[in-house]
Amino acid sequence: MADSSSPPPPLCDRISHKSYLLRAVDLTILGLLFSLLLYRILHVNQSDTVWVVAFLCESCFSFVWLLITCIKWSPADYKTYPDRLDERVHDLPSVDMFVTTADPVREPPIIVVNTVLSLLAVNYPANKLACYVSDDGCSPLTYFSLKEASKFAKIWVPFCKKYNVNVRAPFMYFLNPPAATEGSEFGKDWEMMKREYEKLSQKLEEATGSSHWLDAEDDFEEFSNTKPNDHSTIVKVVWENKEGVGDEKEVPHVVYISREKRPNYLHQYKAGAMNFLVRVSGLMTNAPYMLNVDCDMYANEADVVRQAMCIFLQQSMNSNHCAFVQYPQYFYDSNVGELTVLQLYLGRGIAGIQGPLYGGSGCFHTRRVMYGLSLDDLEDDGSLSSIATRKYLAEESLAREFGKSKEMVKSVVDALQRKSYLHNTLKDSLEAAQEVGHCHYEYQTSWGNTIGWLYDSTTEDVNTSIGIHSRGWTSSYILPDPPAFLGCMPQGGPGTMVQQRRWATGLLEVLFNKQSPLIGMFRRKIRFRQRLAYLYVFSWGLRSIPELFYCLLPAYCVLHNSALFPKGVYLGIIVTLVGMHCLYTLWEFMSLGFSVQSWYVSQSFGRIKTTCSWLFSIFDIILKLLGISKTVFIVTKKTMPETKSGSGSEKSQGEVDCPNKDSGKFEFDGSLYFLPGTFIVLVNLAALAGCSVGLQRLSPRHGGGGSGLAEACGCVLVVILFLPFLKGMFEKGKYGIPLSTLSKAAFLAVLFVVFYVGN
């Protein structure tokens, strides 16, 4: 008989993934890099400037690998037990769910609707959930789509819970019919639900091409004469769950919001929208926890909320230390093997230090932490300390920090003191919600500075993340199977280049603002290795310079007839280093179920994005620091998958992320993003051609010897890594490099060859 005094089983366990073998491999590669640097130092007089440039580039690569080794040293994540939640917790906490969208063209309403429906149908009491949709484009089409979706949700949510549906985004669920269910109750319900969803899709598609529905209802008056960047605040309760008893047939609250926007007024992009969501939700439901997802990132796991609550409510660990729970971001429509490997190995590594970085989507936040609380402000039981009470709860201080809305101040006090704050109906808060959405509301407050999502970067996620960790908080990482959330990536090369540039620029903004890990080394409460993890991420854009130079060095050395790599037995350092790195990264991919082709695509795209997209982030940040221009947040286009085999409910992590058959070709356009890559390929091809016909310099300078087979192999390797550009030179249409880009790159390549052969 079990001892009744024994502690109950935990809601979650911290799983360590330490591997001494992987540590040894990381250290061996690091040792080889340092050996190469030492060789260059000892033989610097035997060659010309190229030796020094190579040393500087390899020093950067060595520093990056040192950071990676430190990050991956003690990987960990959490395993949750949501089935134990009901036994341990009788009254589950409320959760406010945030969905953000900004452009009904680039982010079609049908995508937003599917994300919202997947959230409304999760396995969690409906009276404990509220879904807020922020529309920064102030689109009546988005509002109309939410109204129609809320009607469909009244039959979709009960259907999902009755039959315990795994995937609760309708567009993914209905791609394949269930096996042998004709005549059964489930089969009839499935057919009925599919017909209703097709009606919904058809209605939204027709609404996209026509605006006759705008005049049919008085509910759209507030959208008249509005523009995406010039309109008043709009807050509308789309659906209110007035029953509020947690019945399986209930549908959670759905609220549409669009903050005021005016021309020539800085609206702080997504961070500003998130802070408006925090304020409106604080006035209406004031849940202690908040989930934010991008509009294309649907809930793929029905227990996603319960899993996060296992972390927050775990009593065996000090749950007050956990500020947010981050799920990895997986995608259903693109080859994102590199991102999957990055999240598993580096993500777990960072999670084993002070916790994962906030990724901008698929994250559960604690409202009190987002209101600026530090770890020192709490007692052991989670209540405010006496000092924090005087600091945060003084009326003048609250108005100065959070704004002059009395209703907002009251909701903040209740949230900080962990009290429930509910109106009789959501509509009681509409007037106050309108007030906190005004353009000038945040003026001379702490919103975006120390409270809520932080400003001064287009990557508001990691900017906010380092602010939270700097106050001493930790975070938690969960990697469920199947993945908790699935989204879509920008299709083709141009969209991806834009997104990568935006990320790299935003990360560099944080590196040079007050949140930088290089500032406040001893004052902040962020751990040293966590600081290194942030430094690794924030410096992505800076890596473009050494990688660009290193891609050109083999061609330069072949044309200039100078040595780039060590000679004789010392060449083994380079061969061993390249071989180990290739085998190591290949193992990482194949251990997750990816193919050799996926590994190659990842290695190739890694070089392309670094030299072609991240390179422009350096120019962006220089212009911003000089005050010449400001960075711009560009919304990337989202698309629905046309075909897909399988329902998606039984796929493993690796299978979900494998590339589809139509994603093998790289797309190009006339933007400057593709000029560096084309230039690199042409220069290396010219070097190989020049070597074969004897165009290179006849005698090497200095005493270090001339170029040889190693340098020629370096050129071949660069061309292989940039193979999409080589193929693009012979393709037409969107898969071909435009003639204007080819002409510019050819002109630069000719100058490069003529200059270095003639000097």
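Backbone N, Cα and C define each Cβ position, glycine as well.
These numbers come from a predicted model, not from an experiment.
Within its own chain, the transmembrane segment (20-39) has Cβ neighbours under 8 Å at 55, 58-59, 61-62, 65-66, 68-69, 72-73, 566, 570, 573-574, 576-577, 580-581, 584, counting only residues six or more beyond its boundaries. The transmembrane segment feature in TrEMBL is assigned to 20-39 (among others).
The feature transmembrane segment is assigned by TrEMBL to 51-71 (among others).
Glu107 (UDP-alpha-D-glucose binding site) has a Cβ environment of 25 other Cβ atoms inside 10 Å. The annotation UDP-alpha-D-glucose binding site is assigned in TrEMBL to Glu107, Asp136.
As annotated by TrEMBL, active site applies to Asp136 (among others).
Spatially close to Asp294 (Mn(2+) binding site) yet at least six residues away along the chain are Val99, Thr100, Thr115, Gly360, Ser361, Gly487, judged by Cβ distances under 8 angstroms. Among the features that TrEMBL reports, Mn(2+) binding site is placed at Lys270, Asp294.
Within the same chain, the residues at least 6 positions away from Asp461 (active site) whose Cβ sits under 8 Å from its Cβ are Leu357, Tyr358, Gly359, Gly360, listed in sequence order. If you look up TrEMBL, you'll see Asp461 (among others) marked as active site.
Positions annotated as transmembrane segment by TrEMBL: 533-556 (among others). Under 8 Å from some Cβ of the transmembrane segment (533-556) lie the Cβ atoms of residues 50, 53-54, 56-58, 60-61, 64, 67-68, 70-71, 349-350, 353, 357, 462, 466, 469, 503-505, 507-508, 510-511, 516-518, 526, 562, 564, 607, 610-611, 614-615, 617-618, 621, 676, 680, 683-684, 686-687, 711-712, 714-715, 717-718, 721-722, 752, 756, all in the same chain and six or more residues away from its ends.
Within the chain carrying the transmembrane segment (568-590), a Cβ under 8 angstroms from the stretch's Cβ atoms is held by residues 25, 28-29, 32-33, 35-36, 39, 337, 341, 345, 596, 598-599, 602-603, 710, all 6 or more beyond its ends. The annotation transmembrane segment is assigned in TrEMBL to 568-590 (among others).
Positions annotated as transmembrane segment by TrEMBL: 611-635 (among others). Sequence-distant contacts of the transmembrane segment (611-635) (same chain, at least 6 residues past either end, Cβ-Cβ under 8 Å): 102-103, 106-107, 269-270, 458, 496-498, 500-502, 504-509, 512, 540-545, 547-548, 551, 672-677, 680.
Under the heading transmembrane segment, TrEMBL lists 673-695 (among others).
Residues of the same chain lying 6 or more positions beyond the ends of the transmembrane segment (707-725) and with a Cβ under 8 Å from any Cβ of it are 493, 551, 553-555, 557-558, 560-565, 567, 571, 574, 603-604, 607-608, 665-666, 674, 677-678, 680-681, 684-685, 687-688, 691, 696, 700, 737. Feature annotation from TrEMBL assigns transmembrane segment to 707-725 (among others).
Positions annotated as transmembrane segment by TrEMBL: 737-757 (among others).
Long-range contacts of the transmembrane segment (737-757) within its own chain (CB-CB distance under 8 A, at least 6 residues past either end) are made by residues 552, 555-556, 559-560, 668-670, 674-675, 678-679, 682-683, 686-687, 690, 695-697, 725, 728-729, 731.
Here the Cβ of Lys270 (Mn(2+) binding site) has 22 other Cβ atoms within 10 Å, regardless of which shown protein chain they belong to.
In this structure, the CA atom of Glu107 (UDP-alpha-D-glucose binding site) is 14 Å away from the CA atom of Lys270 (Mn(2+) binding site). Taking only the Cα positions, the spacing between Asp136 (UDP-alpha-D-glucose binding site) and Lys270 (Mn(2+) binding site) is 8 angstrom.
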